[in-house]
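Reviewing the structure listed below.
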Amino acid sequence: MAVTVSPERDVVATPVQRAFREALYAAAIALGLFVLFIGLKTDQNISNELILVQRWGLLAIVVIATAVGRFLYVGYAQPAMERAKAQKAAAPAAAATAPGFIRRNFNQIGVAVLLLYPVAIVLLFGFQGSLKWVDNFGIQILIYVMLAWGLNIVIGLAGLLDLGYVAFYAVGAYAYALLGTHFGLSFWILLPAAGLMAAFWGVMLGFPVLRLRGDYLAIVTLAFGEIIRLVIINWREVTNGSAGISGIPKVSFFGLMSFNVSDPNYIAKVLGIAQSGAYYKIFLYYLILGLCFLTAFVTIRLRRLPVGRAWEALREDEIACRSLGINTTTTKLTAFATGAMFGGFAGSFFAARQGFVSPESFVFLESAIILAIVVLGGMGSLGGIAVAALVMIGGTEILRELDFLKAVFGPDFTPELYRMLLFGMAMVIVMLWKPRGFVGSREPTAFLKERRAVSGSFTKEGHG
Amino acid sequence: MNASPSMNDIILQVEHLSMKFGGLVAIGDLSFQAKRGEITALIGPNGAGKTTVFNCITGFYKPSEGMITLNRRDGSTYLLERLPNHEIPARAKVARTFQNIRLFSGMTLLENLLVAQHNKLMKASGYTMLGLFGFSSYRKASAESIDLARHWLEKANLVDRADDPAGDLPYGAQRRLEIARAMCTGPELLCLDEPAAGLNPKESAALNALLMDIRDTTSILLIEHDMSVVMQISDHVVVLEYGRKISDGSPQSVRTDPRVIAAYLGVDDEEVETVLTEVGDEDVIEQLDIGPDAAHGPGTSSSFLAGPVTDTIGHSEGERVTVSKGASKAGQVDAKANAAPRKPAERATAKPAGSTAKPRGGRK
């Protein structure tokens, strides 16, 4: 936060005087900025003519709010922060050495919370009330966690900037949708099949872009994502175009119980409990949670294997890799294939959960959101990425719940329309505050004496 | 190929190597040999094509012409110009370091050395599959690789910092780490591109000790500007100028070769005569009457004989060299030798590579 006062004045002025002056400046700037944005509004009158509506009251509120905010910030918040900083500097050792209980056991707590989440929700809201919380929040967030963890292999570990990741998600979803509806194959067969198919397309994409680096790679992967989407839209005979595929079979409980009410082995009939759609959602929740754990397990394991180290080495310096006898071609392709495979898993799960797929679910915005989650979370860090997914996806979902805002802003206010605005603001703030994402440091994969996190200032983002 | 026993003490044979970038001849018809268990130094003024030779040997460039033969200890022979880049370290066991250090700066020292053992570990992990499911064979190989890494960290005197990121090391330690990393690939020939660049005398001495230690197991090919390193540790020196070999032999013979002196200092400057007088090469002094073409040719590389070159921001990938007519100082010496045929027989003996070159005059 730049303080715009010159140092000579700073010596004379007390914080409150300074705050007052700053508040005046801020008010003037806000007035200049918003006089056309807020003070005037174009509208149509009853005879369809363009008229200017003047909203001086609202403008005044905004300007005063800005001035008061600046006054409080400069006059009170800033000195308070300075004091806190000075206090921290005075007693540094205690705070630095002992991270809190939550910090130390972050992963264990996270896993426990995820496992107990549906139980807690059902206890709190009952089966019917749990639907929204398990489905919209739990499953939705976990899908993005999984996608981001998959993309993390490509971007965070191997340093290959892939802007078309959603293509593999689409391949996985359509693989399940088409094979499931046409051949009636079970989810449990099609899940690995969809993963393999996505991995195959990952290699297909990998081959032509092997020689590309940085921006060029990003452009070609972006194009690849669009190509897959356009093929899906236009290849009507197979994919039914933009109308999409509906009636995709549900996942069964490992073939033992079904979640279709009409089936003889419907879960409620088998177990002798009341009918409810919540069983399926809870089952899906644990299914995607299992897939996420699989992704995390494989990622953690791979990092400690030579191939994972080669990915990270590739991100750091490709030429040095070649001088050490690492085949960079296969290393890049395995990164693309592994990342794509998890995208494919997530895609087939998505198709099974929705029961309907259409090209609209696989637009570039999805790729961008997944990428944003990876970058916000901190490239390479699973925990950070999970938190970022929770914030980004959970945050946008929670906007739908903010009905009380209607009371403030009027009945035609729909908070979810401000999704992208908040999304962008959140990204800017986080990137200012933590340029390397929530978790900027890197865990070494091997150690002689003690495991010490590598600061983000040493790791590279990769350029190829 | 010709893996006869007599060939086996020659580890690397470069024959008629040429590298052209379009019309630029970076290396022209270069032939030399490196013997097993020796340190062969490749020296020459800036832009002479030394790093290009390295890039050809290690597969980063495909040479336009010529043959690079590597004889491994087990008798197998590889033609390096035909091997893909990454197979040269993997199969022919040639490792290299870079002029501008290329470490994996965000990885710890230990991880750097483990990445160097990629191929071995890859096999042990059953190309990832066995390792993914945690088979014990991989765990054993992994422990062995850590032991090897620890061994080289100790040799490079870096074991205390094994768990620090490589980017956090001071410059001299990064140089040593890069050598240790190259050694972890288990090479038979180690190519070092200016390992002593930017090192202080103490670090330089430590580097010499490390290289002498390595020489017991691995042959070394070395590019170096620091003459104290070259003269102290190398067994054999090859001198390049404008991509052509101008001298080849023991450090002593190369040091007194007038062609080498001419290449480094030029033959037109007044002080060169004094240098030559100091060296004691009277033949050359007599022939210096004929003035060379001063308009062409490189600036004198005065830092060269003065000591270590501190400027390490190197030509990273390609050294492009134009050979303009009459630029070669060594060529001018030759030209003068031909123009002044006073002692043609003696001049002729200086031209063939290495073995016949003898120290002239009283000093060294």
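First residue shown is number 1, and so on along the chain.
Every residue, even glycine, has its Cβ placed from backbone N, Cα and C.
Annotation source TrEMBL lists transmembrane segment at A:23-40 (among others). Same-chain residues lying 6+ beyond the ends of the transmembrane segment (A:23-40) with a Cβ under 8 Å from its Cβ atoms: 4, 52-56, 58-59, 62-64, 66-71, 74.
Residues annotated as transmembrane segment in TrEMBL: A:52-73 (among others). Residues of the same chain lying 6 or more positions beyond the ends of the transmembrane segment (A:52-73) and with a Cβ under 8 Å from any Cβ of it are 1, 19-20, 22-27, 29-31, 34-35, 38-43.
The transmembrane segment feature in TrEMBL is assigned to A:109-129 (among others).
If you look up TrEMBL, you'll see A:141-161 (among others) marked as transmembrane segment.
What TrEMBL records for A:173-204 (among others) is transmembrane segment. Below 8 angstroms of C-beta separation, residues 167, 228, 232, 238-239, 245, 247-252, 254-255, 333, 336-345, 347-352, 357, 361-362 of the same chain, each at least six residues beyond the ends of the transmembrane segment (A:173-204), sit close to that stretch.
Here TrEMBL flags A:216-235 (among others) as transmembrane segment. Below 8 angstroms of C-beta separation, residues 160-167, 170-171, 174, 201, 205, 208-209, 241-242, 359, 362-364, 367, 464 of the same chain, each at least six residues beyond the ends of the transmembrane segment (A:216-235), sit close to that stretch.
Distant neighbours of the transmembrane segment (A:282-302): 111, 114-115, 117-118, 122, 130, 134-135, 138-139, 142-143, 145-146, 149-150, 152-153, 157, 251, 253, 259, 308, 311, 338, 342, 345-346, 349, 352-353, 382; these residues of the same chain sit at least 6 beyond its ends, with a Cβ under 8 Å from one of its Cβ atoms. Sequence annotations record features per position, and here TrEMBL assigns transmembrane segment to A:282-302 (among others).
Residues of the same chain lying 6 or more positions beyond the ends of the transmembrane segment (A:333-351) and with a Cβ under 8 Å from any Cβ of it are 143, 146-147, 149-154, 157-158, 160, 162, 165-166, 168-177, 180, 187, 190-191, 194-203, 205-207, 210, 248, 284, 287-288, 291, 294-295, 298, 302, 307, 311, 314, 357, 361. Taken from TrEMBL, the feature transmembrane segment applies to A:333-351 (among others).
For A:363-396 (among others), the entry in TrEMBL reads transmembrane segment. Below 8 angstroms of C-beta separation, residues 106-107, 110, 137, 140-141, 144-145, 147-149, 151-152, 155-157, 163-166, 169, 222, 225-226, 229, 296, 299-300, 312, 416, 419, 422-423, 426-427, 430-431, 434, 436-443, 456, 459, 461 of the same chain, each at least six residues beyond the ends of the transmembrane segment (A:363-396), sit close to that stretch.
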